[in-house]
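Novice: Take a look at the following structure, please.
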Amino acid sequence: MSAGKWQIRGESEFVLPRVAWTAVCFALGILLGSVVPHQPFLLLFVTIVWISAAWVLHRRRADVAANICLLLAVVLLGANRWQLSQHSTTKTIRNFVDDQPVLATVYGEVASLPSAHVKPSTAHSARLYGSPQQTRFQLQCRHIVVGGQPHAVGGRCQVYLDGDGSSVVSWGDQVSLTGKIDWPSSPGNPGELDFARLLERRQISGLMYVRHPDAIEMKRPVGRLNPVSWLNSLRREAQAVLVRNVDREVRPIAMALLLGERNQLPGDVEDAFIASGTMHLLAISGLHVGILCLFLLRLQNWLLVPRRRALLLTLLIAVTYAFVTDLRPSVVRATLFFAVFVAAQLLQRRQGMAGLIAVTALIMLLWQPHLVFETGAWLSFLSVAALGWVDARASSNVENSDVPFDALTVWDRLREMAGRFRKWLTHRYLQMLTILALTTPIVATTFHVISPVGMIVNVLLIPATALVLCVGFVTMFVGLLFPMAASTFGVAFSFLLRALMSVVDLSSEIYIGHLYVANAPLWFVPAYYLLLLAAIGTHRLPQRMLAISAVFVIVIAAVSATHSSDRPEGLRCTVLDVGHGSAAVLEFSSGQAILIDAGAMNRGERAAEQICSFLWHHGIERLNAIVVSHADMDHYNAVPAIPSRIPVAELITSRQVAQSDSWSVQAFLDAVDRNRIPIRMAASGLTLNHAGAQIRLLQADESQLPKDADDNAGSLVVVVEFAGRRIILPGDLEFEGAHELLRGLAPTDVLVSPHHGATSANSEQLAEVVKPHFVIVSARDATSLEHLSTVYVAAQRIYHTSESGATSVEISGDGKLTVQEHRPSAH
């Protein structure tokens, strides 16, 4: 056994430095600590036992057993670190949060750079209220006043301030904020992100919503001699340089590339980067830090700066850049990686790529153990590991290859240049292929997207992006030091940004350039990486081919399992929790699916994400139809964002929707047309048949309605019948439309409460006709419960999505009906 490595020998050799095994075991320990009961002192005692056992075994020269004991001790240390990070006896603002937001005044210190975000708003999903901008920052809490009573608190809270407050508060300011404190509830829909769990892992102890910058009172601004104040000023100056010298058209891209400010970026630009598989170029990351460090080292080498001085100066600039970009996790990881590299160089310690990655990972996990659960961290380390593995193999091949003969003629030189280019291109594509092999399963299961075109485009774009970034860094540095000389570089930077966007736009338009995929089975990711590790870890060709074949087999098995997962035996109707809005999914045993309405008040894009996450969670990758009941925004503003992620066969709606003179409705129809989705006009009585289920669409006779009747009166009513059971989804039907349709309705098993439980739509006449056994209300709160309880007296249960989350009604082939809540409420 070598001093620095633990290795497995045989006909092949798979070598990892000890620090790499240590980092892997520490990460496994953090995972273990997140699932076992909270017993940090017991874990520490068992750790000491294992270390003692390792010492005894080492004295007896049983080195293999001693190493195993040490690795087990490291696992337990990781578990102990996680449990200690999640336990605190200090009160936080979360202790003062009830089921509803609580008005409070919080005193503390601004703990991050305030950044202004533009809230999403489109023609078909305009914001109806609230400020178009929102400023976000973290606050280190000191005291809280609730109900006039002061309390000492600790921990950090995430602040959401309506309006642009980036000029009102700065990192390091001591302030008091008056607003509402809150804590997110558990996910309302299957497949939805558990935001509360994410905040807990990141050690955020609460949320605070402040309505206006005037609700902030400055207690003590950050001192001018405080380094944080210098960083605040440096970031503002860097922003001003880009504003002055970069064309308005590409300025948001420049802000995102150099400073990580994606909040001003148009949604279509971000979508283009995602579709082309180049989002990592736009999202400031380790790639940007690597390019910056390489650029600075090459520049100083050209200026004949001594290497030690060049390394230290580059590290200082990289650390400053990390602070200016608000210590974004990916930038911090890359900066720490470079710091470890510099330390090894200065100490004249030879350290391979695996060792550098492992030391960086170990330091990061000791500091922020929640990184084990962060997708971005895994993608960063896997990408760097892929690059290192490919480079190591290439270096080994170069060492074993013969020295080429000198080129004698022009043709020989051309052939030599062509050969070098071919080797360079092959090497780059091998790097990209390896990165894809290591990262695609995580990207696909987390973001539900695969971008084959990214492999082709990235090889060409990464060198081009390096040039763009270098010119951008020069523009920013020159603008900070010599403002009058920055305009020339700004012109060149703007030109390069336009060229970059042209390539990205072209790549994003390639047919099947990107694919959205449903959830993979839980066993897929661990099985994939175990088999991939086996393939990489052996040099024997038969074993390697067997492992690679097994990888392809489980990929095929995962795809098959995805398409057949969680299909109902008969019919399932799920009313999703989208706040004040409407979205219901009909699923059939054949795998077909229909979406009834798709929208939410003031949050159409968010509703689209919730709908798509639900569909992917249930293995649905195509919708047979979307039915839009009427022309209210909270029933259609999520539709335009769905077809780019999940193909839609047709849109079914009423003539009144198509003829609406509302600009937002017409923008919605234009978006449907751009996605080449055929539109079918539904006449009353239109019937759809799917897997034994009959779906009838009813609508009040327009000629029988008053001329001044609103959209709700003409709402389509969807009646679903299967195995002798009936479900009615009446949209926002009320007033004259309800009276006109009452005689066409019949008793039902389940009624989705019309108009989100509104008093005007839920009448005793309606209850007498449909006599529902169960009522489901899609609304942001349960304020209508008292009224509905008096109207639907015979109903067995009234469900509110605000409390129950997504509510599913499943009907089996023999007619058995069950109702299931995603978030069971007390009843």
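Including glycine, each Cβ sits where the backbone N, Cα and C put it.
Feature list, courtesy of TrEMBL:
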- 15-35: transmembrane segment (TRANSMEM)
- 41-57: transmembrane segment (TRANSMEM)
- 64-82: transmembrane segment (TRANSMEM)
- 272-297: transmembrane segment (TRANSMEM)
- 309-324: transmembrane segment (TRANSMEM)
- 330-347: transmembrane segment (TRANSMEM)
- 354-370: transmembrane segment (TRANSMEM)
- 429-450: transmembrane segment (TRANSMEM)
- 456-478: transmembrane segment (TRANSMEM)
- 510-533: transmembrane segment (TRANSMEM)
- 545-563: transmembrane segment (TRANSMEM)
- 580-773: domain 'Metallo-beta-lactamase' (DOMAIN)
Novice: Give the nonlocal contacts of the transmembrane segment (15-35) in its own chain as ranges (CB under 8 Å, at least six residues past its ends).
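Specialist: Contacts of the transmembrane segment (15-35) (Cβ under 8 Å, skipping residues fewer than 6 from its ends): 4-7, 43, 71-72, 74-83, 352, 354-355, 357-359, 361-362, 365-366, 369, 372-373.
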Novice: Go through the chain and flag residues at least 6 beyond the ends of the transmembrane segment (309-324) whose CB is under 8 A from any CB in it; none is fine as an answer.
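Specialist: Same-chain contacts beyond the ends: 231, 234-235, 238, 259, 289, 292-293, 296-297, 300-301, 331-332, 334-335, 338-339, 342, 345-346.
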Novice: Could you tell me whether the transmembrane segment (456-478) and the transmembrane segment (354-370) are in contact, taking contact to mean 3+ Cβ pairs under 8 Å with a sequence separation of 6 or more?
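Specialist: Per Cβ check, the transmembrane segment (354-370) does not touch the transmembrane segment (456-478).
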Novice: Cβ under 8 Å to the transmembrane segment (330-347), counting only same-chain residues 6 or more beyond its ends: which ones?
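Specialist: Counting only partners 6 or more residues beyond its ends, the transmembrane segment (330-347) has Cβ contacts under 8 Å with 260, 283-290, 293, 307-308, 311-312, 314-315, 318-319, 321-322, 356-357, 359-360, 363-364, 376-377, 380-381, 384.
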Novice: State the non-local partners of the transmembrane segment (456-478) in its own chain: residues 6+ outside its ends, Cβ under 8 Å from one of its Cβ atoms.
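Specialist: Apart from its flanks, the transmembrane segment (456-478) reaches 238, 241-242, 245-246, 254, 257-258, 276-278, 281, 287-288, 291-292, 294-295, 425, 428-429, 432, 485-486, 489-490, 492-493, 496-497, 499-500, 503-504, 507.
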Novice: Residues sitting near the transmembrane segment (545-563): Cβ under 8 Å, six or more positions beyond its termini, same chain?
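Specialist: Same-chain contacts beyond the ends: 517-521, 524, 527-528, 531-532, 534-535, 538, 591, 619, 621.
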Novice: Along the domain 'Metallo-beta-lactamase' (580-773), what average pLDDT does this model show?
Specialist: 91
